[in-house]
Amino acid sequence: MKLVKPKKFLGQHFLKDLKVAQDIADTVDTFPELPVLEVGPGMGVLTQFLVKKDRLVKVVEVDYESVAYLREAYPSLEDHIIEDDFLKMNLHRLFDGKPFVLTGNYPYNISSQIFFKMLENKDIIPCCTGMIQKEVAERIAAGPGSKTYGILSVLIQAWYKVEYLFTVSEHVFNPPPKVKSAVIRMTRNDTKELGCDEKLFKQVVKTTFNQRRKTLRNSIKPILGKDCPLTEDALFNKRPEQLSVEEFISLTNQVEEALKTATASGN
């Protein structure tokens, strides 16, 4: 079989360490009864361990050369190799709307977008595991007060328990990336509803972290406007990285109340 050359524009760094691949494959075992979707399998170094598990496995790959390689290397997967862009797919059609585990050695250039896609489909993705850039993994797992705590941390931790599992050297890839990688696992928590307007919650989180050096009283103004009244809650004197998920929910409710008050008074 003709080997696939990694394509820079697709952010491809092919994993070549079988022990690391096995360890990543084993992270899906938290939900042994669910099917698995692997994103960006490349030449199947992770796939080979996933297919050995007694469960349905599908892979989605945007690179036509990798798809051709996979079809030849894994004939038993023929009907489950999907040539498509994961970010544009309707995930509810994959397993007839049933839940599945998401995994992969994710391309660095779209890892954040993949996790936003996961959040959009959290009703059918109870678990997401895989390898990403170490810096992004640390950001997702970070808690309040950390310099790496940010938009991804809050939005993901609102719905998922995050585990930073292990760090991976850059030398186990072809070509080696310039940074280290890490494997994480995100498992849905018990939250059914946030207790606030979800769309406004996202807006509040993104707006405040985009001006993270400002106090919330100032960074929230793009949403509220200059003349919108705020309560004297001490929460507004904090910076976004100081707030827990629960405090962001409280903040969102206060912002919504302030918007209603402003609308009612004609501001």
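Every residue, even glycine, has its Cβ placed from backbone N, Cα and C.
Per Swiss-Prot, these features apply:
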BINDING   His13, Leu15, Gly40, Glu61, Asp85, Asn105  S-adenosyl-L-methionine binding site
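Projection of Swiss-Prot feature records onto the structure.
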{"residue": "Leu15", "record": "S-adenosyl-L-methionine binding site", "contacts (Cβ under 8 Å, 6+ apart)": "Ala21, Gly42, Val45, Leu46, Asn105, Met131, Val172, Phe173"}
{"residue": "Gly40", "record": "S-adenosyl-L-methionine binding site", "contacts (Cβ under 8 Å, 6+ apart)": "Gln12, Val60, Glu61, Val62, Phe86, Gly104, Asn105, Tyr106, Pro107"}
{"residue": "Asp85", "record": "S-adenosyl-L-methionine binding site", "contacts (Cβ under 8 Å, 6+ apart)": "Val62"}
Site extent for S-adenosyl-L-methionine (largest Cα pair distance over His13, Leu15, Gly40, Glu61, Asp85, Asn105, Å): 20
Cβ atoms near Glu61 (S-adenosyl-L-methionine binding site) (within 10 Å, other residues, all chains): 27
DSSP-derived structure type at Asn105 (S-adenosyl-L-methionine binding site), helix or strand or else coil: strand
